């Protein structure tokens, strides 16, 4: 910071004293209607926000760089700074400037950080905003990772004896901030993306004894067993670190957190961060959100709570059949009734973010606009309920189950209706209390409706009709006192007064008190005039004070309803989640899959939902796929661009959707529940950690081989391509063998490869089955049929794909020559060996005698450019040629032969 002159004003002394306690935060210092920043903070903020940088006291010894933002618009500016990774300390005036003796007292009331914000301006409505804490006990070889969304009060965590697993979850949950004990480094394997790591003192944040007390106090429990934390000291420490950090930044103990619920991994399908990225669940491979992701396809939610529940279910699909089938029942019920579903969508569209609204109200951070949003949301609850209830008969009665025959509510919905709470008492209170368009700030007044509070009504009447009340009093005195010439006046010295001429002053009644004598007039006051004047002068201030007190009382009353509000918010979130799945299924022609506890996966005419949406359903080619005990590992071959990766990804996505309880993009599907989905798809590297593409590939492969079980689903694409041909093929081969040996019968695997030699494993290793993406050669071109068919591909067609990609003709031609040369060399080398080695890969067995003869009599490689006629002959498909086409082609060749002969001569 700039070294200031010793001569400081009281204001700067106060500023620097406060700033000293928050050296790592930008200090927003409240001065009237602005927040001002000084010195280095001002220069940083002006640069990041692109606002004017000025100077306070430019002619004094202490020249302080300064910038400022209006109080009423501060949220937007803070949001920009938080997105850039800055911390912001809010320093408020904690006493009324009118009552201050000297400098107004100020103090930091909260510290805003990326992981602790609760205002809508700083949050994505449909995404959780997590603060995380990771702790590892080296002595016990155990650790924990916990996370909390302060804006909703939800928090959870997990305990593990595997440090790598904890870091995987930290990457998957992607907290905005991750708390670590001081001295702990991020491992090389962890890629945290936009997550900021915050080192905090272990003794103050991760201490077990004080942390246990902190957790029990925050949760209002006498022991840890009710929270699922008994016997998990590392998880207690991680939770305690979260609470300590929140108390430090929020300047208050947060009692709004929901009961802690440890994540039960046994109930959920586990999808790690790598697989989420490879399947493009939330972000495209280029890191962007929006079109091109599964989230973009599935998100037809209308409420922020429903959107966050969808995100949660995509992160943690079910592993148990019961919740999957319950979800399917509701989705199917809504899927079949378009009218009811649209009515439900219309009603839900009126609901705001009840979870975050109730949090801000509970923490006294809500604005009047938040209460209006809550009122509108509560008012929509009866309409939402009505969409679920059976339609009434003209007589006003409801039909019985027998009469509706098939219209019976699924159990989750009937249970929901039996516990439904319209919160009518609070909706009515908010309707009676608040105006339709209250000001943004409580202190501006104009919050409450007439009739809500008698004292406020009187003050409002005075403020609005004060002049009329004065004229009424004047008219009354003129009549009662018999003084028709009595006048009413006002000046700043004496205030309001009655005035009479000197001649008429002798006849004033006794209750008139003389205030001033002028040359031609006398001025008087009365008790009633003084009382009315006092009311008028103080009416505005008293009104604002009373409105603020009423608002705080209203806030306290509404805050008591938070458990009821959160209960209904959870119901609405589930309704929104279910209708979103039903709406997506109806729009895209998806079907309800059969989800079972076996291991078979059967998909008929499966589609990739994202690719289909991008290309259009008319051009997308669906595919069948079957995995059972005889087909545990499918080896998929075919050229690049043929669609191997699409088949791999769509299979994993269909399984994920099925275990969410959603419908799937297929004509028919039967899915054996998986415990984990693993993927190794596409090229990636981690240059920051010095890890090459091949190293990352091998690390991910190693993790799959260590963690996959018989119930897992593994998709592997091009294992071994990042190294030499024989190294890569050997590794791919060994991985296939290992996958078929593991878990007592092999792991369900889709394995795409260009190493055609590996396809010889079918028939040699039980469970291995060859499939390929069909193509067709036509008039020298290749046509991608995108169809998955049995058997291995006959060749890779890599050079043809290069030609289609626009590689120069000379390069393609030369590649063909080199390929032919390499193939002849390989065949000749095979002919020199008399017997195969025992270690020769089955796919590399020696050629037959006839193949050896063919090799011997093959012509030597040409040194020049290959004749165009030879290219045409080799590329022709005689099976699909008519006699007329053959004659036409021969004529063309004859002309071509003559042209080339003339060129040579």
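Heads up, the Cβ atoms here are built off N, Cα and C, so glycines get one too.
Features of the protein shown, as given by Swiss-Prot:
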type: REGION; residues: 389-410; note: region 'Disordered'
type: BINDING; residues: 638, 639, 640, 641, 642, 643, 644, 645; note: ATP binding site
type: REGION; residues: 826-847; note: region 'Disordered'
type: COMPBIAS; residues: 831-840; note: compositional bias 'Polar residues'
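Those same-chain residues not listed among 638, 639, 640, 641, 642, 643, 644, 645 yet with C-beta within 8 angstroms of the centroid of the ATP site C-beta atoms are 773, 784.
For residue 641 (ATP binding site), the Cβ neighbour count at a 10 Å cut-off comes to 17, with all displayed protein chains included. Counting other C-beta atoms within 10 Å of each candidate's C-beta, the binding-site residues 639, 642 are led by 642.
The least crowded of the binding-site residues 638, 643, judged by other CB atoms within 10 A of its own CB, is 643. Of all the binding-site residues listed (640, 645), 640 has the fewest other CB atoms within 10 A of its CB.
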